[in-house]
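So the structure is just underneath, and the comments pick up after that.
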Amino acid sequence: MRSLAPGIKLITSFSRDSWYRFFILILTFVFYTTYHLSRKPISIIKSQLHRNCSDVIHPADLNITDNDTWCDWAPFDQNNYQNLFGVLDNCFLVAYAIGMFFSGMFGERLPLRYYLSSGMILSGLFTVLFGLGFYWQIHSLWYYCLVQALNGLVQTTGWPAVVACVGNWFGKGKRGFIMGIWNSHTSVGNILGSLIAGVYVSSAWGLSFIVPGIIIASAGVICFLFLVEKLERTVNPGKCLDSWITNHKRYDVANLATNGYRTVTVAFSCCQDRSKYHNVTIAKCAVFMLQGVVEFSLCLLFAKLVSYTFLYWLPLYIANVANFDPKKAGDLSTLFDVGGIVGGILAGLISDYSGGRATTCCAMLIIAAPMVSMLLWCGALVNGPYALITTAVSADLGTHECLRGNSRALSTVTAIIDGTGSIGMQGMWLFFFLFLSLILYLV
C-alpha cells in the first residue's frame, strides 16, 4: 500500500478545529490589516498638499498668480497648513476615542460578523469619499473634517470585534505569542498603506485613498461570507450533546430533565451559544472594577500617544527635515512599523514565558525612552507593549473568571482599554497646539 504524500500527511494531522482556528487567525489578520491600511494615506499625502512650489516645475500653460502656493491644495496652501492638518487628524481621533466606548456595547449585542463587515464597508466608503475630493475639486475643510470624523466612528467597529473573535478561539496558554504574531497586522497595514499611497501621491493623490478604500470594503464582503465567530458554531449540536452524555454517565437524559436549568446549560455549553441562557451584558462600571483594566488602560494611553504621533506625523517630519520627496519619506517611515512587528512578537513571547504581562510592558517602555530617534528600535519597544495590551491583556481580562463565561464581555473590555488609550492622543494634540501657539507668540 502506497503511503500518503508528506504534504497530505501534514494536512491531515491537524484536527478540524485546528484548521478553523488557523483560518480565523488569517481572516482577522487580513481584516484589521485593511483597517490600518486605510488610515495611513492621510500621513503620506500631507507633504503633497503643501509643498515648496518654488522648487516645482509648473506646466507651461498654467497661469500662475502666486509662485509660492500654486502647486498646493487649498485650503492647505496657507501658512496655517500644519494647524489644519492637526484639525483633520483630531476629527478622526476624537470620533474614534468617543466611539470606541460605545463600540464595545454594540459588539456585545450584535453578531460580530455583521458588525465587523458593515464597519469595513462603511470605512471603505468614507475613505473613498476623502479621495474623491481630489477629482471633485473640493477645497472645503469642513468636507474633509466630516469625512474623517465619520470614518473615525466606523473604524471603532474593528478592534473590539477582531479581538473578541480571536479570544473566543484561543485559550490563554500561548495567547501572548499567538497574538503577538497576529497583532503584526497593525504594522503590516501601516506599511502597505504607506506603499500604496506612495505610488499615487505625486500624480493623483485621490487614488491614495480610493484604492485602500476599495480594499477594505472588499475585505468586508469576505468577512460577511466567511467569518465564524465561535468554535461552537462549527460543531454539530447533536453529536456534541451525545459526546457530553457519554463522558458524564452519571447524568442520564431523565436526570438532565429533572436536574434543573443549570445542568441543561452545562450540557449544552460545549456546542451552543451560552448567551441564549446567560445573555447578560456587562456594565461598564463592573468591567472597570476588574483588576488591571484601569492600570493597563492608562499604560496604553501613553504608548498609543507615541505610536500615533509617529503614524500621522513621521512622513511629514522626514520630508521637511531631510528634504525627501513624499514617496521616499513614506517608505522610510515604514522602519518604525517594521520594528513594531518584531516588538509585538517579542513582547508576547516574553510575557508568555515569564507570566508577567505588566512587567514586560514596563521594561520595554522604560528602554524605549532613549531610543526615540532610532526608528527601528523605537518601533519595537513602543509597539511591543502597545500590541501586548491591546491583544493578549485585553483577551485575558475579557475572559476573566468573574465574568462567568460571558464571551461578549471581551468586546467591552477591549473597547474600554483601546478607547482610554485613544484619549491619550487627544492630550498629544492639545500639547501640540499649545506648543505651536507659544512658538508663534514668541516669534
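Glycine is treated like the rest: Cβ placed from N, Cα and C.
As recorded in TrEMBL:
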DOMAIN    20-443  domain 'Major facilitator superfamily (MFS) profile'
TRANSMEM  20-38  transmembrane segment
TRANSMEM  84-102  transmembrane segment
TRANSMEM  114-135  transmembrane segment
TRANSMEM  141-170  transmembrane segment
TRANSMEM  182-201  transmembrane segment
TRANSMEM  207-228  transmembrane segment
TRANSMEM  293-314  transmembrane segment
TRANSMEM  334-350  transmembrane segment
TRANSMEM  362-382  transmembrane segment
TRANSMEM  423-442  transmembrane segment
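Within its own chain, the transmembrane segment (114-135) is flanked in space by residues 31, 34-35, 38, 41-42, 73, 106-107, 143-144, 147-148, 150-151, 154-158, 161-162, 165, 204-210, 212-221, 223-224, 227, which lie at least six positions past its ends and keep a Cβ under 8 Å from the stretch. Contact between the transmembrane segment (20-38) and the transmembrane segment (334-350) is absent: fewer than three CB pairs lie under 8 Å, with pairs separated by 6 or more positions in sequence. By the count of Cβ pairs under 8 Å, the stretch nearest in packing to the transmembrane segment (182-201) among 84-102, 293-314, 334-350 is 334-350. Per-residue pLDDT, averaged across the domain 'Major facilitator superfamily (MFS) profile' (20-443), gives 74.
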